[in-house]
Amino acid sequence: MSNRFAVILAAGKGTRMKSKLYKVLHPVCGKPMVQHVVDQVSQLGLQKLVTVVGHGAEMVQEQLGNVSEFALQAEQLGTAHAVDQAAGVLANEEGTTLVICGDTPLITAETMEALLQQHKEAGAMATVLTAYIEEPAGYGRIVRNENGHVEKIVEHKDANEKELAIKEINTGTYCFDNKALFASLSKVSNDNVQGEYYLPDVIEILKNEGHIVSAYQTEHFDETLGVNDRVALSQAEIIMKNRINRKNMVNGVTIIDPSNTYISADAIIGSDTVLHPGTIIEGNTVIGSDCEIGPHTVIRDSEIGDRTIIRQSTVHDSKLGTEVSVGPFAHIRPDSVIGDEVRVGNFVEIKKTVFGNRSKASHLSYIGDAQVGEDVNLGCGSITVNYDGKNKFKTVIGNGVFIGCNSNLVAPVTVEDGAYVAAGSTITENVPSKALSVARARQVNKEDYVDQLLNKKKS
């Protein structure tokens with residue numbers, strides 16, 4: 001196999017997005033558009049990848065890191081001009097170069113591989129990825145000669161009446177013989193309505209020089225959708241969401257209502273897990289097998305063990321063990337580690353806490369900056385008082401501890417193994433192992449007080 005290279009065009013300003021965020025960094029199913037493209041082209045066995053950047057270059061470089069080299073298009077003068085900015089990296093290389101736009105997040109490695117194979121089998125100097133659509137307005141048209149070969153590509157704004165009737169369109173993805181590509185770029189003119197240097201003109205240049213120009217017509221037009229505004233962004237989101245949901249269902253995940261379930265592109269979900277409506281799985285979340293998630297649950301960048309149930313709750317940047325029960329209406333905040341067979345009940349908030357195996361906080365509790373041992377019971381209304389207005393402090397609760405209802409543990413404080421804390425206590429000192437700590441005022445009953453009070457009011 002000959003050397004393979006790729007150029008991703010990501011220098012457009014994206015003015016139609018009307019956004020401060022660089023266009024190709026707008027997310028689709030939780031991942032920036034350009035990252036989707038990079039992830040797919042990286043499966044093609046490339047020797048070099050060059051991303052052409054312009055406005056917002058630093059943000060794109062930060063997103064992609066060292067998986068790509070970068071070339072700067074300081075002034076946007078057209079797609080041919082953009083590709084030419086990669087000459088310093090690629091111009092002298094032997095091989096095949098794929099050119100693709102960074103705002104086409106739906107393109108797949110399979111389609112690009114088919115394009116490359118067509119290019120090789122045809123012995124072509126250039127091959128165009130095309131599609132046939134009923135409403136081609138706005139797209140460049142593929143003009144073929146009497147032999148069916150690609151003669152040229154005409155931009156919509158420059159097309160005559162006959163050319164506008166053509167329904168085979170240019171998707172904006174190509175592959176070229178690398179040296180032929182860079183040799184032809186200097187011959188491209190900007191003599192057109194827009195005054196720009198069009199990459200499709202390279203096709204006509206190569207054809208006029210007697211080279212073979214081939215085309216691969218994809219059946220999956222939706223893969224070629226370019227995102228230039230918020231409407232197209234929403235369309236891409238829907239298509240990608242459906243693709244991700246279908247992939248998970250094929251792999252054994254039950255999604256009760258796919259139209260109302262959102263899964264990020266990088267999430268991994270085990271078989272026989274059930275997702276109820278309103279479930280949102282974000283980021284690099286990993287969910288085990290035989291889980292039940294939702295309804296109306298958000299999980300972000302977290303790891304969920306097998307046979308765990310999460311209902312109407314939120315989990316962020318945390319790790320949950322196996323056979324955990326969460327919710328309804330619980331909130332597990334970042335940097336929490338929840339052990340196996342744990343119960344986190346309704347209106348319980350856990351933050352930056354290690355919560356041991358088989359421990360329970362079943363109702364109305366806040367556990368923050370804490371280390372909770374195994375087999376602990378936190379009664380309704382248990383609170384770790386971790387903040388003094390300036391600093392956060394740690395609470396340590398040992399194994400087998402029982403915390404009575406409506407108790408406050410004022411950190412820094414330790415409740416040692418096997419200790420009991422009486423209901424209604426405010427604990428400000430360490431509790432020894434197996435001790436009972438009572439920290440509340442003694443009850444006083446005043447006999448006949450109510451009658452005396454009422455009689456006093458009457459007099």
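Cβ atoms are placed via backbone N, Cα and C, with glycine included.
Positions annotated as region 'Pyrophosphorylase' by Swiss-Prot: 1-230.
What Swiss-Prot records for 9-12, K23, Q73, 78-79, G140, E155, N170, N228, R333, K351, Y366, N377 is UDP-N-acetyl-alpha-D-glucosamine binding site, and it gives sequence analysis as the kind of evidence. DSSP assigns A11 (UDP-N-acetyl-alpha-D-glucosamine binding site) to coil in the three-state reduction, outside any helix or strand.
Around the Cβ of D103 (Mg(2+) binding site), the same chain contributes A10, G12, G14, K23, V24, M33, V34, G226, V227, N228, each under 8 angstroms and 6 or more positions distant in sequence. According to its DSSP assignment, D103 (Mg(2+) binding site) is coil. Annotation comment: Swiss-Prot describes D103, N228 as Mg(2+) binding site.
Per Swiss-Prot, region 'Linker' is recorded for 231-251, and the stated evidence type is sequence analysis. Tertiary neighbourhood of the region 'Linker' (231-251): same-chain residues 17, 26, 28-29, 33, 36, 105-106, 222, 225, 258, 261-265, 267, 269, 271, selected by CB-CB distance under 8 Å and a gap of 6+ residues from either end.
The region 'N-acetyltransferase' annotation in Swiss-Prot covers 252-459.
For H363 (active site, proton acceptor), other Cβ atoms within 10 Å of its Cβ number 15. The feature active site, proton acceptor is assigned by Swiss-Prot to H363.
The acetyl-CoA binding site annotation in Swiss-Prot covers N386, Y387, A423, R440. The DSSP secondary structure for N386 (acetyl-CoA binding site) is coil.
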- Spatially speaking, which of the binding-site residues L9, G78, G140, Y366 is closest to R440 (acetyl-CoA binding site)? Use C-alpha to C-alpha, please. Y366
- Within 10 Å of Y387 (acetyl-CoA binding site), Cα to Cα, which of the binding-site residues L9, G78, N170, Y366 are there? none
- Query: H363 (active site, proton acceptor): which of the binding-site residues G78, G140, A423 is the nearest Cα neighbour?
  - Reply: A423
- Query: What does DSSP assign G140 (UDP-N-acetyl-alpha-D-glucosamine binding site), in three states?
  - Reply: coil
- Expressed in Å to no decimal places, the gap between the Cα atoms of R333 (UDP-N-acetyl-alpha-D-glucosamine binding site) and N386 (acetyl-CoA binding site) is 15
- Query: Which whole-number value in Å describes the distance between the Cα atoms of Y366 (UDP-N-acetyl-alpha-D-glucosamine binding site) and A423 (acetyl-CoA binding site)?
  - Reply: 16
- Message: From the DSSP assignment alone, can you count helix, strand and coil residues within the region 'Linker' (231-251)?
- Response: 20 helix, 0 strand, 1 coil
